[in-house]
Amino acid sequence: MTLHTPKAVIVIFGATGDLANRKLYPSLYRLYRNGKLSENFAVIGVARRPLTNEDFRNNIKKSIADFNDEHINPDEFASHFHYNPFDVQDLTHYQKLNAFMDELDEKYDAGGNRLFYLAMAPNFFGTIAANLKSEGVTNNQGWTRLVIEKPFGHNYDTAQQLNDQIRHAFSEDQIYRIDHYLGKEMIQNIEIVRFANALFEPLWNNQYIANIQITSSETLGVEERGSYYDKSGALRDMVQNHILQMVSLLAMEPPAKLTPDDIRYEKIKVLRSLRPISEADVNNYFVRGQYDRGEIDGEPMNAYREGNGVDPESNTETFVAGKFMIDNFRWAGVPFYIRTGKRMAKKATEIVVQFKDLPINLYAGKGDTIDPNLLVIRVQPEDGITLHLNAKKGDYDTTSTPITMHYDKSAVENEYTPEAYETLLNDCLNGDSTNFVHSDEVALSWKYIDIISKAWTDKKAAFPNYTSGSNGPREADKLLENDGFYWWTIQ
Ligand SMILES: NC(=O)C1=CN([C@@H]2O[C@H](COP(=O)(O)OP(=O)(O)OC[C@H]3O[C@@H](n4cnc5c(N)ncnc54)[C@H](OP(=O)(O)O)[C@@H]3O)[C@@H](O)[C@H]2O)C=CC1
Ligand SMILES: O=C1O[C@H](COP(=O)(O)O)[C@@H](O)[C@H](O)[C@H]1O
């Protein structure tokens, strides 16, 4: 696809919030700095508090203060930003917004294109979408796009309701549902590693792969988000979206073409092939945990139930481990193990593809155990790929020893690797929806997750059951041990 420098008037609903300040403004700045955003753009920040343009621009400058680029004048960048105090319920505010967008469109020659970014709590999404439509804000000349943030609903039913509300005002191809994991460099690399290497694609199936493990662990607890998190939990917060997206990318068939529709079609097929589990079976496939007090880097940590906004008897899980089975020809019999949790030993996201053992070990007589080949995709904190092989030991005998081949980015490459939000904003501005989530993916993933959450809501767990700073509850290890496997250590 040929990319042109996009032109647009962008409205950020929730412009004074955490996401806007920490992620969106720095991402827009990097796009601007890297020439991906021309001078033909304006941003209107929308929120309740009564800021002036000057206050708002000062906030923008604070959010990009770390960049310190000599050749970019922060005032010049910030001059593209305009603040609009706003009440999302007040229709007259939408009418004024519409007129202001026209004015800025003319001033910046923005091509009549409009991007609405909803960086606010999801309960506002339906109202905002409906009001934008009823007040004619979406009747613009150029393209119109809507970006929404997760959570896309709380379960299947609420996700469908949310979708219906938004679809009333925007068509599916105008809606960009953000899953920031899809903007991460190494998650995007899964497709390239699989489909651009003759070495892997022929082996990428149940004949050669024993299991796939996905770990996304955090050292942080729920911090200031207790009241949101206590109603969500790790299953909804991480598994329904990020983890299932990673599973889909790892398991999908090669798409006919690299178009958004072809790729989504293949991902959706994976979600359709997930082996359904009954409520009675949930605990054979999934393990839940909640962190207790503990220590990380020598610092004492409190228990989840002691956090702000958390019910002192909370039954909410802060850890999930699980096994997905994909019942199709390619993956029959291959477990996809996943685990994610807060307050674990390390902050890391890693994918390990474990290949099957060879039929016989020719070196067993010489006392060597041959390790399985592993392909490790390191998503964060550092990106990289490691291939675990066996090779000759450096001695007189012909014996085998495990070796590794690493691909690590140089410091310079790392510096220029775009942040997830930067990549996704760039894609959206250029109309590329490949790395955004389709409503069918949302619906299918909720259908699967709802069964687990029902089983877990109906039956209280013996929480807390893992120490802060550990790798989660012991049951998560047993899940693999029962199948003759174990979790590979995170690097
Ligand atoms: N923060 C993050 O890292 C992530 C956030 N998200 C999602 O992004 C969304 C925003 O999160 P976050 O930035 O953390 O939330 P914040 O609570 O920090 O910000 C909420 C924003 O909404 C504005 N707002 C609230 N009520 C109204 C109203 N009635 N009318 C107009 N504006 C209003 C607030 O401004 P004011 O008070 O001035 O009105 C503020 O700008 C949520 O859906 C969240 O789940 C998703 C992934 C990561
Ligand atoms: O969406 C979310 O993701 C973060 C973890 O993101 P990462 O990029 O740091 O891996 C998680 O902390 C948060 O609870 C969740 O809502």
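Glycine is no exception: its Cβ is also placed from the backbone N, Cα and C atoms.
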For the NADP(+) site that TrEMBL assigns to ASP87, VAL88, LYS150, which of ARG48, ARG49, ARG57 is also named? ARG48
Given the recorded positions ARG48, ASP87, VAL88, LYS150, HIS242, find the one whose Cα is closest in space to the Cα of LYS184 (substrate binding site). HIS242
Of ARG48, ASP87, HIS180, GLU218, which binding-site residues come within 10 Å of HIS242 (active site, proton acceptor), going by C-alpha to C-alpha distance? HIS180
If you count the C-beta atoms lying within 10 Å of each candidate's C-beta, which of the binding-site residues ASP87, GLU218, ASP237 ends up with the smallest number? ASP87
Of all the binding-site residues here, LYS342, LYS347, which one's CB has the most other CB atoms within 10 A? LYS342
For a Cβ distance below 6 Å to any atom of ligand 1, name the recorded positions from LYS184, GLU218, ASP237, HIS242, LYS342, LYS347 that qualify, or say none. none
